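*Asks:* I'd like to ask you about the structure that follows.
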Amino acid sequence: MLLLRRARAPPRLPPRRSLSRLLDRYGFVPPASLTPSPREPPRAAANSAAAKKRRAKKPPYRPPSSLDRGGRPPARSDLPFDFRFSYTESSPASKPIGLREPKYSPFGPGRLDRPWTGLCAPAVDATLRDVAADDPLPEAERGLEEARRRERERVLGEPLTPAERAFLVDKCQKNRTKRQINLGRDGLTHNMLNDIHNNWKSCEAVRVKCLGVPTVDMQNVSHQLEDKTGGLIIHRHGGQLILYRGRHYNPKKRPVIPLMLWKPAEPIYPRLIKTTIDGLTVEETKQMRKKGLHVPVLTKLAKNGYYATLVPMVRDAFLTDELVRIDCKGLPKSDYKKIGVKLRDLVPCILVSFDKEQIIVWRGKEDGSLQDQTQKSCPSVIDSDDASVKNETRDQEQTPSDWSSDESSGDPSGSHVLNTRWTEMVLSIDGAVYPNGIGGKQAS
């Protein structure tokens with residue numbers, strides 16, 4: 001019976017300790033660091049405060065902000081001109097009809113002592129202008145212009161000799177230095193003035209490469225570079241300019257140029273393409289736009305090309321055709337719109353359409369509707385060329401060999417007048433031979 005009872009008894013599980021006999025066999029004693037210890041008694045208040053003081057975390061790193069002036073006064077600049085984002089692509093004569101954003105200064109809050117009007121930061125407060133006065137330019141602005149002219153003449157000093165000019169031009173070529181300032185679709189921007197003065201610290205002249213929309217009017221680019229920097233262009237070959245700083249330029253006394261921290265929003269201007277062209281009916285306007293898309297292409301513009309010969313080409317084309325089409329495929333929309341505005345003012349002509357990435361311009365009626373505009377615009381260009389040549393002859397004694405063939409664009413003696421059916425206009429100021437297209441290929 002006893003055997004049967006033992007057989008029927010359920011088997012009991014072995015003790016938990018018998019699952020591993022390593023502890024009994026080797027006599028392993030765990031170290032004190034592995035055995036749980038009873039909770040330590042609370043420390044004194046003084047000890048805990050000292051521990052918290054020692055373990056205080058460092059404040060998170062805060063990068064310096066250009067907007068935080070730290071109580072410093074706003075910067076003051078004595079430059080005698082209005083601060084604009086671009087000096088070549090914006091004109092004080094063109095008045096916008098509205099602003100796209102409030103008048104936030106792109107220089108940052110409290111960084112400049114000039115107010116921002118939405119278009120520029122004027123050197124003279126606009127509220128001082130007298131609307132009823134015959135001369136809208138106040139006496140303060142005339143004084144600034146005169147001071148700027150005297151300061152520029154003082155810094156330039158004596159004219160460069162032909163040998164000095166040739167030495168500086170050779171020193172700034174691509175095979176001698178990589179120092180270059182690129183002037184792109186935005187033209188001469190305000191922050192670019194600071195880059196030019198930074199380059200003038202270590203060299204007397206700097207190379208400026210001009211490409212894109214501003215090259216349509218290279219005379220304006222040259223004028224703005226000399227006017228805003230106070231330097232002198234001593235060489236020009238196509239879109240490449242060499243800007244000389246002057247004999248008495250002192251880098252330690254360079255003008256204060258506050259930098260723009262962001263690009264201001266473009267203001268709202270009137271529409272370039274109207275529903276009906278002045279002097280035409282709605283049907284005639286529609287027919288002209290359809291006809292303009294089928295006329296032969298005058299030239300194809302390459303992206304970021306050199307467009308200095310575009311205006312003379314359009315003037316030549318108007319001798320035989322009333323509509324001119326320019327292919328702008330691949331160009332940003334803002335670029336060929338700016339080119340159209342420049343053609344409207346420089347040729348002059350009437351904008352017809354920007355459809356299908358094409359610039360279509362019309363020379364106007366043959367009754368001389370644009371004759372007055374032409375006579376007003378072309379002589380002004382010649383007069384400005386005469387003034388620039390006289391000033392440069394007075395400032396710098398140069399020989400014709402020092403200038404490249406492209407610089408004849410600033411010489412009014414090479415211009416010739418042609419009698420046409422619709423107007424008497426200056427055809428070409430430079431008389432240059434046009435290459436195959438403007439920065440691209442010539443259309444067949």
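Note that Cβ sites are derived from N, Cα and C of the backbone, with glycine treated the same way.
Remember, it's a predicted structure, so these values are computed and weren't measured experimentally.
According to TrEMBL, the protein carries these features:
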{"type": "COMPBIAS", "residues": "1-19", "note": "compositional bias 'Basic residues'"}
{"type": "COMPBIAS", "residues": "51-60", "note": "compositional bias 'Basic residues'"}
{"type": "COMPBIAS", "residues": "387-397", "note": "compositional bias 'Basic and acidic residues'"}
{"type": "DOMAIN", "residues": "158-256", "note": "domain 'CRM'"}
{"type": "DOMAIN", "residues": "278-374", "note": "domain 'CRM'"}
{"type": "REGION", "residues": "1-20", "note": "region 'Disordered'"}
{"type": "REGION", "residues": "29-82", "note": "region 'Disordered'"}
{"type": "REGION", "residues": "370-419", "note": "region 'Disordered'"}
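How buried are the listed features, and what sits near them?
*Replies:* In terms of DSSP helix, strand and coil, the domain 'CRM' (158-256) has 40 helix, 22 strand, 37 coil.
For the domain 'CRM' (278-374), the model gives a mean pLDDT of 89.
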*Asks:* Counting by DSSP, what is the helix, strand and coil composition of the domain 'CRM' (278-374)?
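*Replies:* Here the numbers are 40 helix, 19 strand, 38 coil.
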